[in-house]
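Trainee: Handing you this structure, nothing more for now.
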Amino acid sequence: MGSDKRVSRTERSGRYGSIIDRDDRDERESRSRRRDSDYKRSSDDRRGDRYDDYRDYDSPERERERRNSDRSEDGYHSDGDYGEHDYRHDISDERESKTIMLRGLPITITESDIREMMESFEGPQPADVRLMKRKTGVSRGFAFVEFYHLQDATSWMEANQKKLVIQGKHIAMHYSNPRPKFEDWLCNKCCLNNFRKRLKCFRCGADKFDSEQEVPPGTTESVQSVDYYCDTIILRNIAPHTVVDSIMTALSPYASLAVNNIRLIKDKQTQQNRGFAFVQLSSAMDASQLLQILQSLHPPLKIDGKTIGVDFAKSARKDLVLSDGNRVSAFSVASTAIAAAQWSSTQSQSGEGGSVDYSYLQPGQDGYAQYAQYSQDYQQFYQQQAGGLESDASSASGTAVTTTSAAVVSQSPQLYNQTSNPPGSPTEEAQPSTSTSTQAPAASPTGVVPGTKYAVPDTSTYQYDESSGYYYDPTTGLYYDPNSQYYYNSLTQQYLYWDGEKETYVPAAESSSHQQSGLPPAKEGKEKKEKPKSKTAQQIAKDMERWAKSLNKQKENFKNSFQPVNSLREEERRESAAADAGFALFEKKGALAERQQLIPELVRNGDEENPLKRGLVAAYSGDSDNEEELVERLESEEEKLADWKKMACLLCRRQFPNKDALVRHQQLSDLHKQNMDIYRRSRLSEQELEALELREREMKYRDRAAERREKYGIPEPPEPKRKKQFDAGTVNYEQPTKDGIDHSNIGNKMLQAMGWREGSGLGRKCQGITAPIEAQVRLKGAGLGAKGSAYGLSGADSYKDAVRKAMFARFTEME
């Protein structure tokens with residue numbers, strides 16, 4: 001204390017104080033500011049250390065929860081979008097990017113506020129605005145603004161001079177550069193880039209260890225360096241009932257597309273979407289720009305409520321992982337699937353304005369030259385092989401393996417080559433499936449030999465062939481159709497059915513030829529003359545003729561509706577050419593069969609029955625053909641029953657003023673319908689009449705109850721049951737006030753003990769009531785003291801007494 005310098009009174013006094021006092025005050029203030037800044041810096045360091053520890057040593061589950069808090073309302077999460085951007089600011093290392101980071105935002109700001117502010121500025125508009133939040137929902141003070149192109153981001157930064165004012169606060173803007181992804185891992189199943197700390201794939205749930213083991217080292221670098229861009233992109237996760245118009249509407253803000261630019265792949269059996277579609281653009285640059293726009297959408301692209309995945313149609317991620325041989329196999333399988341989708345969509349949409357070209361490969365793409373060479377070689381080999389089968393069936397055994405190997409490499413030319421086989425024949429579908437049949441232990445390469453006994457077919461051992469839709473029998477090499485129960489031999493191109501008595505496979509055409517020839521039947525019995533059964537070649541020719549007519553009619557309707565594009569014209573020409581070629585081919589066979597039938601037919605004994613008369617080949621039965629001819633003949637004759645010049649109905653012998661009245665008479669008149677029915681029955685033979693009556697009986701509802709009543713009569717109705725009557729038992733209950741209150745009650749005894757005598761009134765001077773109070777019935781709903789509320793009823797009165805008292809009360813009221 002002695003060493004401290006005491007300030008004198010004169011030094012303390014003064015207007016502004018002494019110089020020493022001012023110096024001490026300045027020193028204390030500077031010391032306080034330094035202490036505050038040191039405390040703030042240390043607190044920031046501690047908070048940063050805690051954040052780093054939380055970020056580095058947290059579990060994957062906690063990290064997933066923290067990142068889920070930053071999701072948008074629709075729940076979309078892109079693994080590696082904003083979480084991979086570097087938040088630290090270094091001006092020297094800043095590079096231009098299409099993503100801009102806004103730092104120093106107010107805590108109360110929202111994403112909608114930032115969007116409204118961005119929309120108020122002129123120039124390019126952002127593609128997405130992302131505000132980073134904590135788990136509690138509070139803003140972390142920075143956000144990301146992403147533009148579609150790098151030029152838009154740089155021009156926007158230059159226009160605002162890297163400064164922005166939001167809610168009166170100056171905001172710093174910087175380019176956001178993503179951190180390197182060398183520590184992330186790529187999923188081998190869905191090709192999604194995942195964080196290094198994620199043990200399972202975010203999209204498909206695949207294990208990280210499996211992906212690292214399957215993908216060889218150096219694959220990721222090779223994938224990034226190879227240029228695998230093409231002019232077609234694929235849309236995945238499409239709803240089963242989505243149409244092309246919905247896809248065009250969803251993509252219209254980003255690209256100008258036509259109907260023929262979109263290929264929606266459908267299932268051949270259910271006619272529903274298979275979950276993906278192709279969008280072809282004019283160039284690879286346009287496809288790359290569209291893909292970049294669609295992948296940067298937040299929220300992502302949605303069509304009919306389904307989130308759509310977008311990628312190049314020919315991606316190098318999967319092709320480079322495979323070996324060269326597997327790559328060619330996958331390449332051909334994909335082409336076959338697209339060709340099959342083209343065939344199914346062409347059949348289902350033939351009446352909706354023509355078919356659409358679903359071919360995926362275009363000239364100039366990778367593998368197109370090799371694929372075209374395979375297609376040409378396969379077609380030449382198939383034509384030679386077909387000629388060899390016609391000349392000598394035994395030559396097929398030496399070339400079956402070659403056919404199989406060629407079908408493995410290129411499976412779709414058989415689908416496009418429609419001029420050699422008519423549509424609908426299993427040749428187009430069974431030939432590609434020979435690649436799968438080589439794995440099964442087939443019998444002889446020549447197939448089933450007629451006349452040889454075989455074991456009973458076991459359908460449980462059959463293998464389903466997706467390319468043809470049939471079931472493959474590995475023991476015989478035949479294809480089984482469960483709908484028609486027929487077998488198809490892909491080598492001889494014949495339909496067969498199983499004969500249980502002979503224990504062999506009998507060709508369908510052979511059975512009809514046996515019926516036409518004079519051979520005696522297997523069962524000998526009474527003689528019966530029958531009309532010949534079906535002529536397979538002749539009826540196939542008629543079916544081909546009807547098919548060609550329908551195609552030509554559809555083509556005429558399509559031309560009259562609107563002018564088609566060139567691709568549709570070529571497709572129509574191919575279909576009409578296939579129809580004409582198929583009709584000419586089967587017409588020759590039909591004429592040959594007709595010439596053979598000109599020989600006088602012998603009387604046949606016994607019944608000739610085809611064991612299988614249903615399904616694919618059973619549709620060519622003789623009865624169905626005669627019915628069609630009969631209907632055509634009757635229709636032509638019915639047209640002659642109307643005289644359109646005189647406007648008269650020759651059948652009903654009536655004349656009409658105009659054409660509309662005649663048509664209305666033919667369609668609505670009961671007289672015309674009755675006469676037409678009589679006319680049709682008169683033109684039929686006895687057998688046709690019996691068949692018609694049988695068909696009508698089968699179609700008509702049979703009232704068995706009416707038949708039973710007509711045969712046995714109506715039984716007499718049973719006597720009604722008498723209702724049981726129960727006598728209600730009388731209940732004796734006490735009525736104490738019915739005969740009046742006597743002197744035996746407790747109240748009377750108490751009053752007598754107090755000096756009261758019967759007949760005198762109550763009270764000291766006996767001025768009170770002399771009779772006991774009686775309960776009276778009041779009128780329902782009447783208030784106390786109202787007129788007519790009570791008319792002297794008591795609880796012990798009977799109904800008769802109550803009526804009498806009520807009548808008397810009303811009489812007195814009237815007076």
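Note that Cβ sites are derived from N, Cα and C of the backbone, with glycine treated the same way.
Note that the coordinates shown come from a computational prediction; the quantities given were computed from them, not determined experimentally.
Below are the features I grabbed from Swiss-Prot:
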DOMAIN    98-178  domain 'RRM 1'
DOMAIN    231-315  domain 'RRM 2'
MOD_RES   Ser18  phosphoserine
MOD_RES   Ser59  phosphoserine
MOD_RES   Ser69  phosphoserine
MOD_RES   Ser72  phosphoserine
MOD_RES   Ser78  phosphoserine
MOD_RES   Ser444  phosphoserine
MOD_RES   Ser621  phosphoserine
MOD_RES   Ser624  phosphoserine
REGION    1-93  region 'Disordered'
REGION    321-809  region 'Required for interaction with U2AF2'
REGION    411-468  region 'Disordered'
REGION    507-540  region 'Disordered'
ZN_FING   181-210  zinc finger
ZN_FING   647-677  zinc finger
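What's the neighbourhood like for these features in this structure?
Mentor: Assigned with DSSP, the residues of the domain 'RRM 2' (231-315) fall into helix, strand and coil as follows: 23 helix, 26 strand, 36 coil.
Broken down by DSSP into helix, strand and coil, the zinc finger (181-210) contains 3 helix, 6 strand, 21 coil.
Along the zinc finger (647-677), the predicted structure has mean pLDDT 90.
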Trainee: In the same chain, which residue numbers or ranges, 6 or more beyond the ends of the zinc finger (647-677), come under 8 angstroms Cβ to Cβ?
Mentor: 638, 640-641
Trainee: How many helix, strand and coil residues does the domain 'RRM 1' (98-178) contain under DSSP?
Mentor: 21 helix, 31 strand, 29 coil
Trainee: Taking helix as H, G and I and strand as E and B in DSSP, count the residues of the zinc finger (647-677) in helix, strand and coil.
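Mentor: Helix/strand/coil tally for the zinc finger (647-677): 18 helix, 4 strand, 9 coil.
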